[in-house]
Amino acid sequence: MAPEWNTRIGQEQPSTSAAGRGGASGDDVTRRRASGSASQAKPKRKCAVVNHHKCGLCGKTLSCEAGLKRHLEATHAGKKPYDCHCCPATFASKWNRDKHLLTHSGEKKHVCPTCGKTFALKRSLAVHRRQHTGEKPYSCHLCPAKFTDGSALRRHIFTHSGQKPYRCDHCGRRYRLRYALVLHNRAHTGEKPFICDKCPAAFSRKSTLNDHLLTHTKEKSWQCSRCYKTFARQYTLKRHLRLHTGERPFKCDVCPAAFADRSYLRVHKRTHTGEKRYDCGMCGRLFTRRSYLKSHAHGVHGIASAGVGEPANQKPTIAAQQPATRRGKALVGQPHKQAEDASQSTSDVQ
């Protein structure tokens with residue numbers, strides 16, 4: 001039976017060696033005394049931080065003013081001069097870049113004792129194990145949110161600042177993080193650098209590729225403790241659990257609407273901003289949701305959904321479409337506005 005998502009794993013206890021239990025020899029004592037005198041001659045650097053320099057944006061404390069300056073430039077000013085030659089990732093220090101390069105080498109010597117997943121970095125394994133234990137040691141000082149690693153907390157902090165310094169040159173959309181802009185630009189260029197090694201599928205995001213790979217393994221190791229349904233990924237299970245609890249933690253800051261999933265909130269916000277990302281390649285009509293465009297393509301133009309639903313900068317190739325089998329007959333022949341309203345009412349019920 002697959003483990004429950006919140007099952008805690010017992011921490012490994014350090015073993016005591018035989019030498020530690022028994023007495024020490026004379027040579028051991030001599031070596032210890034020698035090392036002790038050497039440490040007295042050269043005292044170790046103190047770990048205690050005397051003067052705290054606190055970042056006003058994320059609350060992190062640094063030991064010196066120079067460290068705070070480096071933190072501000074690397075984390076909040078977006079200065080990351082060290083590029084990875086294998087992917088678009090950038091880093092504030094050469095050390096972090098070199099550690100990241102290990103993820104491309106293919107060598108993964110750190111194994112999770114719970115599920116067997118392997119990692120190139122020891123730190124990545126430590127973060128992964130928190131998924132099994134439920135530990136979230138990084139807390140936001142502005143809201144109750146908690147995270148398994150520091151990078152996720154830093155990304156979250158930007159949601160409070162409201163700053164979006166990175167602007168897309170194609171469509172003008174702005175982003176809080178540089179990497180988010182890199183991912184967005186692939187929607188304009190069509191770049192899909194992450195290729196499945198089991199089939200011809202390619203993806204613009206590594207996370208999407210990882211989700212796709214699970215379709216080949218059929219592995220579903222996360223089980224709901226209430227209805228025993230199993231899932232391939234932990235976040236899918238967490239989203240499913242909200243069906244049982246009724247929890248809707250993602251709230252709109254404009255109206256009282258609340259949602260069980262962050263993606264639903266993002267789509268809902270477009271009803272306030274008026275943003276319409278999806279356009280019809282036949283008539284140019286714009287839509288706020290991909291589902292609205294698909295309903296329009298079926299009902300008005302009678303084309304299949306293959307290729308339909310790309311963002312406005314990637315118009316579907318209508319010549320490649322085949323006549324659709326009209327499942328939504330109520331939408332066929334109706335004005336576009338009615339079709340969109342019908343989809344809206346259906347979405348609101350969910």
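Positions of Cβ are set from backbone N, Cα and C atoms, glycine also.
What TrEMBL records for 314-324, 341-350 is compositional bias 'Polar residues'. Annotated domain 'C2H2-type' per TrEMBL: 53-81, 82-109, 110-137, 138-165, 166-193, 194-221, 222-249, 250-277, 278-301, in sequence order. If you look up TrEMBL, you'll see 1-43, 304-350 marked as region 'Disordered'.
Note on the domain 'C2H2-type' (82-109): DSSP counts are 12 helix, 4 strand, 12 coil. In this chain, the domain 'C2H2-type' (194-221) lies out of contact with the domain 'C2H2-type' (82-109); the count of Cβ pairs under 8 Å, excluding pairs fewer than 6 apart in sequence, is fewer than 3.
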